[in-house]
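Look at TrEMBL and you will find A:9-159 tagged as domain 'Aspartate/ornithine carbamoyltransferase carbamoyl-P binding'. Positions annotated as carbamoyl phosphate binding site by TrEMBL: A:Ser46, A:Leu47, A:Arg48, A:Thr49, A:Trp74, A:Arg109, A:His146, A:Pro147, A:Leu148, A:Gln149, A:Cys271, A:Leu272, A:Arg299. Residues or ranges marked as N(2)-succinyl-L-ornithine binding site in TrEMBL: A:Glu141, A:His175, A:Lys235, A:Arg275. The domain 'Aspartate/ornithine carbamoyltransferase Asp/Orn-binding' feature in TrEMBL is assigned to A:182-308.
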Amino acid sequence: MKNYTELSDIEDLQQLVTEALELKKGTSTLEIGKGKTLGMLFFNPSLRTRLSTEKAGKLLGMDVMVMNAGSDSWKLEFEDGAVMDSDKAEHIKEAAAVLSQYCDIIAVRAFPDLKDKEKDEAETVLNSFKKYASVPVVNLESATGHPLQALADAITISELKKKDKPKIVLSWAPHPKALPQSVPNSFAEIIQNLDADFVITNPEGYDLNPEITKNVPVIHDQNEALKDADFVYVKNWSSYDNYGQKLSEDRKWTFSAEKLKLTNNAKVMHCLPVRRNMVIADEVLDSENSVVIQQAGNRTFAAQAVLKRILEEKVKAKDLEGNA
Amino acid sequence: MKNYTELSDIEDLQQLVTEALELKKGTSTLEIGKGKTLGMLFFNPSLRTRLSTEKAGKLLGMDVMVMNAGSDSWKLEFEDGAVMDSDKAEHIKEAAAVLSQYCDIIAVRAFPDLKDKEKDEAETVLNSFKKYASVPVVNLESATGHPLQALADAITISELKKKDKPKIVLSWAPHPKALPQSVPNSFAEIIQNLDADFVITNPEGYDLNPEITKNVPVIHDQNEALKDADFVYVKNWSSYDNYGQKLSEDRKWTFSAEKLKLTNNAKVMHCLPVRRNMVIADEVLDSENSVVIQQAGNRTFAAQAVLKRILEEKVKAKDLEGNA
Amino acid sequence: MKNYTELSDIEDLQQLVTEALELKKGTSTLEIGKGKTLGMLFFNPSLRTRLSTEKAGKLLGMDVMVMNAGSDSWKLEFEDGAVMDSDKAEHIKEAAAVLSQYCDIIAVRAFPDLKDKEKDEAETVLNSFKKYASVPVVNLESATGHPLQALADAITISELKKKDKPKIVLSWAPHPKALPQSVPNSFAEIIQNLDADFVITNPEGYDLNPEITKNVPVIHDQNEALKDADFVYVKNWSSYDNYGQKLSEDRKWTFSAEKLKLTNNAKVMHCLPVRRNMVIADEVLDSENSVVIQQAGNRTFAAQAVLKRILEEKVKAKDLEGNA
C-alpha cells in the first residue's frame, strides 16, 4: 500500500481485516514505526479519527505530530499559478513538500464545502497533498470519502456476522445540518467488496452518487428495506442531486425501536458522532443491538493495519533499492 | 485508587504524600505506564495542570493525548434524553465510551458557569465521564473541586512545615473577575485531613460551602486570622451564598508585606495564575516567603503519584481476574 | 551554549554547521535527551518551526510539550509592577518559573507588533523568559531575529556552495502585508560570519537596521546587485526607518526568471511560507534553482544541533558541580 486515500488502495480487503483483528489482540510488540514520524493535519474537527490514528501510530512505535491547519499554522493556497496577494500565506506545493521532510506519513482531514459538486469531487486538498508530498498520504476523511471509517466498519461486521452473506442496510436518517456524503459513500463502496446482501434506503432526492452505488438496490420505503436486515448502518447525508442541500428533516426516518423490530434483530451501526433521538433513538443506542462503540474502538486497529502496511511497503521499497 | 475525582478517593493521604516525595527524587525509572495511554480533555484553559499532568504521565512511561474540547473536537450534549437538534453534535454517552477505548485513563477539566449553584454542584461534566467511561477518570479541576492542586498543596506543606501542627490560614483576596470556589474548597478539605491549626478568613458574604468547611473557624477579620500563621494560602473566590457573584474588590484584603508581618514569618501559597498586586503584592511574591513556584513544581509529583496509584489498581484488578 | 536566543550565542559557527550535517546523516542513535522535556510556547502561528523543532527534540530522545499561548493557556502580563486587574491572568515571572520546573529547555515564538520600534527591540517576551526562566531558552523567532532559520540557511549554503567565497545577495521582494525584519536581520548577521561576498538590495526606505547590516553594501538597484550572484535570498520585510510600514508593493522586485538570468545560475532561497508570484515567481520556485525545500528540511538539523549543544552544556555543568 503506497497511500491510503481511497478504498481502491486496498488490494486484499479480507487479508487487511484479518490483520487488523490480529493487531487488536495486541500480543506482539511492533517496532516497525520506530524512528518514523506520522504528521496529522486537521482542517476540520475530529475526535475518533484524531485519537484513534494518533494511538495507532504510537502503537506501531511512531512519533506523532498533530496540527490544526489554519489555527496552529498558515492558511493554504491550493490554486495553481495564483498570485498570492490574499490572506493565504502558503501554497500547498511548499506545505506538502516541507511536511514530507518532517514526516514519514502525512494524514489529512479536509471536509467538503457542499456548495460546488465539481469542486468537492476534485478533492483538491487531499489530491494536492498526494501530488506534492513525497511521502505516503492517508485520508482522515475527505470531501467524498472516509476510507479509515469504512475499514473499521468492515472489521466490525467481520467480527459480528453470524452468516456468510448477511443482509446489510444503509439507511438515511434526519439531521439538523447538511452533512457530507463521505461516510455513506465509503461504506457503500466497501460493502460492495464483501459477501453481503446490500441495500440502501433513503428518501427520494437523497440517492447517493450512482457511480459509487452502482448496482446496489436503492429503496425509498425504509420499512421495506429494513426487513430481515442483519446490520443496519444509520447515517444522515445531504442530497447529491440537489448538491449539498438538506431536503428533509423527516423524523419518520429516525431509527427507533419500532424500526428495529422490522429487522432480523439487527446490529445497529453509526460512525459517530450521532445525534441522539434525531438519527437514532436512545432506546436503540442504549440497547444491546447498538455496536457503535465497538465500531469506534475498531478505528484504532483499522488505522494501525493501514499504517503498518504503508510502513512495510516503505521497507520493501528500500530493500529493493538496496539490491539494485 | 479507582478514580481521582474528589479528595475522598484518597485512602491514605500521608502515604500518598510520602510516595509523591519519593517520586520527586526521580531515582527509579518507572515502567508501569508503558503501553498505556492518558487522554486529557480540556473544556477550559490550563498551563500548570496541562503540562504537569502530561509530564507526570510521560514520567510513568505513558503515551499522552491532549485535546481541547470544543475547538479540536465536537460540542458535547450532557442532557439525558435530549433530542439533539442543536449545535451539540455528540452526546457524552458516546464520547466517554469511545474515549475509554482509546485511553487507559481519562482526565478532564471543566469549570463551573457560576450561574446556577445546583447545576454546578451536580458536576455534570465530571460525573458524566465517571458514569459513562469504562476507565478511571481524573479531575483536572471541576466545578467545585481541584483535588490534584490540593494534593500538591499538601505535599508542599509537608516539605516545608517546621512543627507538627502548623497554623494554616486560607485567606480570601480581591480579584477583577468572579472565580470558582474549586481551589479553596479542595484546600479546605485536604487541610482538615492534616494535623494543623486551620483557619479561614474572608469578608462577610464570602463564606465557603459549610458542608465543606464544617467546623473550621471562619474569621471575618483578616488581620486577626493571620496572627502567628505558619502558612497563608491566599486565593480569591466568588460568593457561595450569593452564588457566583463578585461582592467586593476590597484591596485591603490584598496580601502585602504588612500582612506578612502579622504572621509567624509565614510561607505564602497560591495555586497560580496569580494577579500580582491584586491578590498578592509583588514584595511578597518576590520574597523568600513565597513558595508558589515550589507548589507548582509539586503538581507534577502529585499527578504522578495519583496516576501511579490508578495504574497499580488496574494491575491488581487484572491479577485478581487472572487468579479467579 | 547556554541559551540560543541570538546568533551571538554560537561560539563556533563552522563547527555547529558541521555537526548539524553530521546529524543529518542520521546514523547514530542519540540518547542525550532521554528523560528531558522540551516545552514549546507559541504566541504566533508556525508550521516549519513547530514541526522541525518538535522533531529535532524527539530525534534527541526528548519528550516535547507544545502549547499555544493565549488559546490553550492564560494571557500573560509582561510589565513589572503591574496591578493585574486587566484580562491578563498570569505574570511572566510565574509563567517562566513554573515552565522551568516542567521543562529542561523552553522554546518561545513571539512576533513583533511592528507599531513601536523601541518596544519591539526590547524583545520583551523573549527577554522576559530569559530573565525569569531557570532553564535554557531557545528563540523560535522573536521580534527582531530568527536564529534557528539563519542557522538552517548557513547549513544549506554550506551544502550547496561551489566556491570558497560565493556571492550572496539578500533581495527584498513585494508582499501584501507588512512583515517583521527578523528573518532578514538574522540572515544578514549570520552571512557576515561566513566567508562570502555579501550584498543587500532593497528599495529606498527599506534599509535594515544599520547596527545589524554594518558594512554590508546596500544597493538600491536590484538588477545591479544580482549580477554574478551564487545565492539569492529573496524576502519581504517592512520598513525599519518608517518603522513597520509597507511603503511599496512594487512587483518589479518580484524574483522572476528574468531576474534569475542576471545571476550566476544562483540557488534561490526563502524561509517560507512564500507568496508565489508576489515574492518569487512560479517559474523560479518550480525550477531546479530553488532550494527552499532543502532549506526547510535543514531546519530539523539546525534545531537538533542547537538542542544537542544545550543539553551537552547542561551535562558538562552538572559534571563540574559533581567534581566541586
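Even glycines carry a Cβ here, placed using N, Cα and C.
Keep in mind it's a predicted model, so treat the numbers as computed, not measured.
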Work out the three-state DSSP category of A:Ser46 (carbamoyl phosphate binding site).
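A:Ser46 (carbamoyl phosphate binding site) sits in coil per DSSP, no helix or strand.
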Based on DSSP, name the secondary structure state of A:Lys235 (N(2)-succinyl-L-ornithine binding site): helix, strand or coil.
strand
Short of 8 angstroms on C-beta distance to chain B, which of the listed binding-site residues (A:Glu141, A:Leu148, A:Lys235, A:Cys271) are there?
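It is none; no candidate comes close enough.
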Between C-alpha atoms, which of these binding-site residues comes nearest to A:Arg299 (carbamoyl phosphate binding site): A:Glu141, A:His175, A:Lys235, A:Arg275?
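Sorting the binding-site residues by distance from A:Arg299 (carbamoyl phosphate binding site), the top entry is A:Glu141.
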Which of these binding-site residues has the least crowded Cβ, counting other Cβ atoms within 10 Å: A:Arg48, A:His146, A:Arg299?
A:His146
Between C-alpha atoms, which of these binding-site residues comes nearest to A:His146 (carbamoyl phosphate binding site): A:His175, A:Lys235, A:Arg275?
A:Lys235
Kindly assign A:Arg299 (carbamoyl phosphate binding site) to one of the three DSSP-derived states: helix, strand or coil.
helix
Go through the binding-site residues A:Glu141, A:Lys235, A:Cys271 one by one and keep only those whose Cβ is less than 8 Å from a Cβ of chain C; report them in sequence order, or 'none'.
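It is none; no candidate comes close enough.
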Measure from the CA atom of A:Glu141 (N(2)-succinyl-L-ornithine binding site) to the CA atom of A:Leu148 (carbamoyl phosphate binding site) and give the result in Å, rounded to a whole number.
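Counting only the Cα atoms, the answer is 8 Å.
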Report the DSSP secondary-structure composition of the domain 'Aspartate/ornithine carbamoyltransferase Asp/Orn-binding' (A:182-308) as helix, strand and coil residue counts.
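Helix/strand/coil tally for the domain 'Aspartate/ornithine carbamoyltransferase Asp/Orn-binding' (A:182-308): 48 helix, 19 strand, 60 coil.
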Enumerate same-chain residues with a sequence separation of six or more from A:Trp74 (carbamoyl phosphate binding site) and a Cβ-Cβ distance below 8 A; give 'none' if the list is empty.
A:Lys88, A:Ala89, A:Glu90, A:Ala95
Among A:Ser46, A:Leu47, A:Arg48, A:Thr49, A:Trp74, A:Arg109, A:His146, A:Pro147, A:Leu148, A:Gln149, A:Cys271, A:Leu272, A:Arg299, recorded carbamoyl phosphate binders, what is the largest CA to CA distance in Å?
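Across A:Ser46, A:Leu47, A:Arg48, A:Thr49, A:Trp74, A:Arg109, A:His146, A:Pro147, A:Leu148, A:Gln149, A:Cys271, A:Leu272, A:Arg299, the two farthest Cα atoms sit 30 Å apart.
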Could you state the CA-to-CA distance between A:Ser46 (carbamoyl phosphate binding site) and A:His175 (N(2)-succinyl-L-ornithine binding site) to the nearest Å?
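If we compare the Cα positions of A:Ser46 (carbamoyl phosphate binding site) and A:His175 (N(2)-succinyl-L-ornithine binding site), the gap is 19 Å.
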